[in-house]
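Comments concern the structure below.
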Amino acid sequence: MPKRNDIKTILVIGSGPIIIGQAAEFDYAGTQACLALKEEGYRVILVNSNPATIMTDKEIADKVYIEPLTHDFIARIIRKEQPDALLPTLGGQTGLNMAIQLHESGVLQDNNVQLLGTELTSIQQAEDREMFRTLMNYLNVPVPESDIVNTVEQAFKFKEQVGYPLIVRPAFTMGGTGGGICHNDEELHEIVSNGLHYSPATQCLLEKSIAGFKEIEYEVMRDKNDNAIVVCNMENIDPVGIHTGDSIVVAPSQTLSDVEYQMLRDVSLKVIRALGIEGGCNVQLALDPHSFDYYIIEVNPRVSRSSALASKATGYPIAKLAAKIAVGLTLDEMLNPITGTSYATFEPTLDYVISKIPRFPFDKFEKGERELGTQMKATGEVMAIGRTYEESLLKAIRSLEYGVHHLGLPNGESFDLDYIKERISHQDDERLFFIGEAIRRGTTLEEIHNMTQIDYFFLHKFQNIIDIEHQLKEHQGDLEYLKYAKDYGFSDKTIAHRFNMTEEEVYQLRMENDIKPVYKMVDTCAAEFESSTPYYYGTYETENESIITDKEKILVLGSGPIRIGQGVEFDYATVHAVWAIQKAGYEAIIVNNNPETVSTDFSISDKLYFEPLTEEDVMNIINLEKPKGVVVQFGGQTAINLADKLAKHGVKILGTSLENLNRAEDRKEFEALLRKINVPQPQGKTATSPEEALANAAEIGYPVVVRPSYVLGGRAMEIVDNDKELENYMTQAVKASPEHPVLVDRYLTGKEIEVDAICDGETVIIPGIMEHIERAGVHSGDSIAVYPPQTLTEDELTTLEDYTIKLAKGLNIIGLINIQFVIAHDGVYVLEVNPRSSRTVPFLSKITDIPMAQLAMRAIIGEKLTDMGYQEGVQPYAEGVFVKAPVFSFNKLKNVDITLGPEMKSTGEVMGKDTTLEKALFKGLTGSGVEVKDHGTVLMTVSDKDKEEVVKLAQRLNEVGYKILATSGTANKLAEYDIPAEVVGKIGGENDLLTRIQNGDVQIVINTMTKGKEVERDGFQIRRTTVENGIPCLTSLDTANALTNVIESMTFTMRQM
């Protein structure tokens, strides 16, 4: 069937900011889809609120709108652009929910916009739990015993019939938001009321728990002619009960018999045919390990996290083909881009094993609730490819960057066996490593199986890994055993530990005896057809399939899994760097291990190596490819941390030299440079022990800010006010980075300013200066950034420009540099310098039209900025005002305090742009999920030091008609100024504030941190309650002030004459 000619313009809705449950996989899917539609000749209009993505680059669509993903804003774009059609299935749950709202409000009908791809009725049938269950009953496909509830009372009625445990699944949410497993009445009450709150339809499915069944997924495609294929089937190692995004996944499935595989395949195809899916779809099934009984769990009628994984696992570009199916093309007329000869109707076959392991944020949130269930907690994931299951698992483990490189914990031998078993009996993010530890201690596989329900097949594989460890110990230095361990994915580091050698000695031993990996191609067809994809993985076999060309090569290190502090912004820079390398005539090679991102799409680079980002794995590739050099400044801290290790092997680091990278991080050298170029910084010292830190603080004066050197995202950074807090910190944090000392700095409260610049060794260009709304002390990734600065004087701007140029030249930067300044006591001070690409590069690149990562890469290759047409200094300002607002995923993480501070907590960001600061802020806040209302009720409870400042704020909110609730201390302060406030009780008292929040009486909460155990606990409870009830909670008065400005701009003030 030819494609549709009756439509010309297509609107694509993106997925918005990165949150837990909806990460970079939609940047990848959306980018592929937009390019595919343009390739077919359609005019593409994209709306997405996330500036950090490749998808929102001007080249990807004909028109790009970076606007909040709300009904009203998208409706305006539809009225303005008059698209013929809307494609909703590539923007995750956000895109789907938006399409449903636009349909129900009549906007699509009024503007004659058709929906492409899967029909709305089918989407609703898959997403609405009641309609889905009805269809399954009609098809005779078993679903777990379940009931749909709209109230907590109904949930208790169902519990009386079936008993515990129960699984709660809210409708129309993603990442299992609001859901969970209930074992008793208290949990049932809490989880169901939460779930009803988060479900746009106020509807939850309660089902009898089938925890312990195998969880199997099929990624399927179907077109309008009813051609349907399975692209990939996957098996979760964790049984049903853990969200698939938090499960360790293997592809293809390993423990299904052919009968089981075909049975579940037939069911998956039968269901998507009945639903009338057109495009990609993910089917999740539960299989009883002891019989042929199965249940269907759910169907995602859209491109999902699993489809990104399936695309990278097979090389089959699901999103690209789904977009083409949506405009009428069919599978039997589209070529598979990997082979270029077979059609898209051929089901991929794999001659390798894929392992995916989720990346959790608990290294950032040590107090977070680690137990895993049906609500997702991982921020990202890694994938690894091997010839055996053991090899792919161990490669995935060392890709995670937890400081773990094997099946065990660094301090594993220090735990006693009872504690280890206790940890295994609970499902959490470290269970896999504790299983390895238990097997080492001789625990039987039967006992582990009874505690975890993990299939014996996988437990035997774990046992095999431990057996090889013992063999290495018994045959130290034996080459046969070394080779054997390499076949099963062991790292040099692990072998060195067992051989009683250093990692370097094992590496040399391998080199001398020619024990090196070869690289195999990912070709979708197990080498049945000729294939030309430049997509490789390493394994220890004989035949190398990676053909080395004569062209000069540059190797770019990617940034690994998405985590807090290192998000999709670094992938954005990586992709742009690769494009610049290709334009300059070099061969561009990427090494990365994140299946969700654009950089690991095989069509981006000349060669993609899907490998762990470790010294050993990267050196193996360098030894084969012999590149001109390696680029580390676009891959975040992951890549920067490898620079030293690679340089020791004689590898050339391109761009800013290693010596200068270290100068920016080394305290004493950096201070010497600042003195030389005459740039001030807050007074500070370094400490290697608690005693030294206390002496430093006494000299500098409290408050001080303390942090380990060489970290990203403000990990383990804190502001402390006295000796006791400092001692506490030093005993906890010196762990954070033992080889590197702790920095103790005077904490200056003032305006924080962020600057990104590019330097070629001679000229420094500054695309933009950004001012933070929150005072210094809130991590830059969690602050609202404003461009251009709104409150700085000409003198301050000139000083910032001058200092930036001095710093870039003083550090001999070649490429990008990011600098944070504070303006305090009438002076500009430098807070920190990062000699690499930063979180704000995509944001500034979009605003100014200066392709920063590409210019930096060209400078690294040796081109001059003046030859590219740029003059030194700050570049001309773009028109309008732009804000970057952070987005948090606190509703997915229990027990995490949401107070903003020097440690980063946000998972993503949105951009707001308009003609005034207030309008841009309105969009930024709306896009980040803060509903800005022109009237309502605000609850204020602030620390003593903030009481004076909060008076002015209360006055302004009162004048625009906001009602004020306050705790007694704050209310008394307001009464002094005749500001009416209703007093609410402290926690546990009469008319207590938590009840008021839970009852929906409050629209905004302003709560600032008070030190001291009891009040800290209260404050923590207040903040968690607001998050769990979906109410904006502002922990910085600067953010509250900005919000008040927006409210004032939307309304009229009422003052008596």
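Placed from the backbone N, Cα and C atoms, the Cβ positions cover glycine too.
Here is what Swiss-Prot says about this protein:
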BINDING   Arg129, Arg169, Gly175, Gly176, Lys208, Ile210, Glu215, Gly241, Ile242, His243, Gln284, Glu298  ATP 1 binding site
BINDING   Gln284, Glu298  Mg(2+) 1 binding site
BINDING   Gln284, Glu298  Mn(2+) 1 binding site
BINDING   Glu298, Asn300  Mg(2+) 2 binding site
BINDING   Glu298, Asn300  Mn(2+) 2 binding site
REGION    402-546  region 'Oligomerization domain'
REGION    547-929  region 'Carbamoyl phosphate synthetic domain'
DOMAIN    671-861  domain 'ATP-grasp 2'
BINDING   Arg707, Arg746, Leu748, Glu752, Gly777, Val778, His779, Ser780, Gln820, Glu832  ATP 2 binding site
BINDING   Gln820, Glu832  Mn(2+) 3 binding site
BINDING   Gln820, Glu832  Mg(2+) 3 binding site
BINDING   Glu832, Asn834  Mg(2+) 4 binding site
BINDING   Glu832, Asn834  Mn(2+) 4 binding site
REGION    930-1057  region 'Allosteric domain'
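Feature map: Swiss-Prot annotations on the structure.
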{"residue": "Arg129", "record": "ATP 1 binding site", "DSSP class": "helix"}
{"residue": "Lys208", "record": "ATP 1 binding site", "DSSP class": "strand"}
{"residue": "Ile242", "record": "ATP 1 binding site", "DSSP class": "coil"}
{"residue": "Glu298", "record": "Mg(2+) 1 binding site", "DSSP class": "strand"}
{"residue": "Arg707", "record": "ATP 2 binding site", "DSSP class": "strand"}
{"residue": "Leu748", "record": "ATP 2 binding site", "DSSP class": "coil"}
{"residue": "Gly777", "record": "ATP 2 binding site", "DSSP class": "coil"}
{"residue": "Gln820", "record": "ATP 2 binding site", "DSSP class": "strand"}
{"residue": "Glu832", "record": "Mn(2+) 3 binding site", "DSSP class": "strand"}
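Glu215 (ATP 1 binding site) is surrounded by 24 other CB atoms, counting those within 10 A of its CB over all protein chains shown. A separation of roughly 5 Å, to the nearest angstrom, links the Cα atoms of Gln820 (ATP 2 binding site) and Glu832 (Mn(2+) 3 binding site).
Considering only the binding-site residues Glu298, Arg707, Leu748, Glu832, no residue lies within 10 A of Glu215 (ATP 1 binding site) on a C-alpha to C-alpha basis.
Of all the binding-site residues listed (Gln284, Asn300, Gln820, Asn834), Asn300 sits in the most crowded Cβ setting, with the most other Cβ atoms within 10 Å. Across the structure, Glu298 (Mg(2+) 1 binding site) and Ile242 (ATP 1 binding site) place their CA atoms 14 angstrom apart. When Cβ neighbours within 10 Å are tallied across all protein chains shown, the highest count among the binding-site residues Ile242, Leu748 belongs to Ile242. Of the recorded residues, Glu832 (Mn(2+) 3 binding site) and Asn300 (Mg(2+) 2 binding site) place their C-alpha atoms 44 Å from one another. Of the residues the record lists as binding ATP 2, namely Arg707, Arg746, Leu748, Glu752, Gly777, Val778, His779, Ser780, Gln820, Glu832, the two whose Cα atoms sit farthest apart are 18 Å from each other. Gln284 (ATP 1 binding site) sits 8 Å from Asn300 (Mg(2+) 2 binding site), taking the CA atoms of both as reference points. Under the DSSP three-state reduction, Glu215 (ATP 1 binding site) is assigned to strand. Summed and averaged per residue, pLDDT over the region 'Allosteric domain' (930-1057) gives 88. With Ile242 (ATP 1 binding site) as the anchor, the candidate binding-site residues are Asn300, Arg707, Leu748, and the one with the nearest CA is Asn300.
For the pair formed by Asn834 (Mg(2+) 4 binding site) and Arg707 (ATP 2 binding site), distance between Cα atoms is given as 15 Å, rounded to the nearest Å. When the binding-site residues Arg129, Lys208, Leu748 are ranked by how far their Cα is from the Cα of Asn300 (Mg(2+) 2 binding site), Arg129 comes first. Leu748 (ATP 2 binding site) and Arg129 (ATP 1 binding site) have their C-alpha atoms 53 Å apart, to the nearest angstrom.
Helix first, then strand, then coil: DSSP counts for the region 'Allosteric domain' (930-1057) stand at 61 helix, 21 strand, 46 coil.
Lys208 (ATP 1 binding site) sits 44 Å from His779 (ATP 2 binding site), taking the CA atoms of both as reference points. The closest partner of Arg129 (ATP 1 binding site) among the binding-site residues, by CA position, is His779; the full candidate set was Arg707, Gly777, His779. Of all Cβ atoms in the protein chains displayed, 23 besides its own lie within 10 Å of the Cβ of Arg707 (ATP 2 binding site).
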